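The block underneath contains the structure these notes are about, expressed in structure tokens.
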Amino acid sequence: MLATRRLLSWSLPARVSVRFSGDTTAPKKTSFGSLKDEDRIFTNLYGRHDWRLKGALSRGDWYKTKEILLKGPDWILGEIKTSGLRGRGGAGFPTGLKWSFMNKPSDGRPKYLVVNADEGEPGTCKDREILRHDPHKLVEGCLVGGRAMGARAAYIYIRGEFYNEASNLQVAIREAYEAGLIGKNACGSGYDFDVFVVRGAGAYICGEETALIESIEGKQGKPRLKPPFPADVGVFGCPTTVANVETVAVSPTICRRGGTWFSGFGRERNSGTKLFNISGHVNHPCTVEEEMSVPLKELIEKHAGGVTGGWENLLAVIPGGSSTPLIPKSVCETVLMDFDALVQAQTGLGTAAVIVMDRSTDIVKAIARLIEFYKHESCGQCTPCREGVDWMNKVMARFVRGDARPAEIDSLWEISKQIEGHTICALGDGAAWPVQGLIRHFRPELEERMQRFAQQHQARQAAS
């Protein structure tokens, strides 16, 4: 969420070299997907079991947590780095590296972990399922992650609209306190750690890490200029790491089963399992945990029952939430669902929220609606975003009608490029990329619509 700009610098295709030698090591995997049930981390994703402490314990949560804590920060960070885990909130930054930024000599200030549960990206609902059905995984993850970075407390910033999810999370935290799992001498480890819940107020911009920090501090949710980065000056002026719900929730399982186990899924630099949301024109919309690098076509057909009307009825897919550029059917045939493959396809994994659009979709109107959302959610702090997104919104409204000239398509492209990379946070990028994807793959549709409007206008003038 609002973190996809950094994805580009961490998702360049890995350089491949081939050496002929007597090496007898096992060849690298070439097929991905079909995750086995015993390898799933989120075992109560659909709420079929008890989400409270008793049920969580029966599913393996809080197992040997004390031993993990006693092994110390360096061991935990080593396992996270070995796992190859990358941030699950959109940026894809290596988690072990990010968490290690907090392990500097103490200057007397406390350190904090902030969990970004402000899930507001259109099409994204993976974190909601964790909060609702597996809250103890997140609470335990806060403890393990906090230990790794020497934090004294975690603040879970949860989207204001998530009333039931916040209630379940509060119950899970209370149960953990009562059982001695968090708080003073957490799990009997001698480590003190508190967990607090902060409710948001429905602002999408607060999904950006520094705007989220501002909101926790009681200020307007507007992004800060960086540097200083949160690892130096974060919440209450103290060193802070902001992490996604899914990223934090998987850390205890990685420590229990080993970083090598986790890195065995997916391609190199794109390892592990991942929660995918599949919505739109599919027969069975769902949230599913699957192996990273699973083919997009397999993901849709196996878990979502396929595209309505069959695969040939597919028009386009937004692969990573509303802020990632769409890809047409021709790309969807072969693309893999991971960071590097989707960057090569000129889009991004983002939050892995797959939005499927069949041939009945008015693709121009769909993208125009997304731009209207970003225009509404812009905080107005940066001129390129405030003025540029408003301008794009007005132009896209005319493109929906066809009331424009083909040359304006190039103008819209140029404006989107002027917004991209010229704002404090990535909301401007998130607004620009859907437009760029539309122009890149559906320019003929735009031109045809404009031509049709011009012909109708001429016919009306001739009739009058």
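Even glycines carry a Cβ here, placed using N, Cα and C.
Binding of [4Fe-4S] cluster is annotated in Swiss-Prot for Cys379, Cys382, Cys385; the matching candidate from Cys332, Cys425 at the same site is Cys425. Long-range Cβ proximity for Lys104 (N6-acetyllysine), meaning a same-chain Cβ under 8 A and a gap of 6 or more residues, is found for Pro239. For Thr95 (NADH binding site), the nearest of the recorded positions Arg257, Cys379, Cys382 in terms of C-alpha separation is Arg257. Of Lys81, Lys375, Cys382, Cys385, Cys425, all annotated as recorded positions, the residue with the shortest Cα distance to Gly89 (NADH binding site) is Cys425. Least packed by the Cβ count within 10 Å, out of the binding-site residues Gly87, Gly89, is Gly87.
Within the set of recorded positions Lys81, Arg257, Lys375, Cys382, Cys385, the entry lying nearest in space to Phe93 (NADH binding site) is Lys81 (CA atoms).
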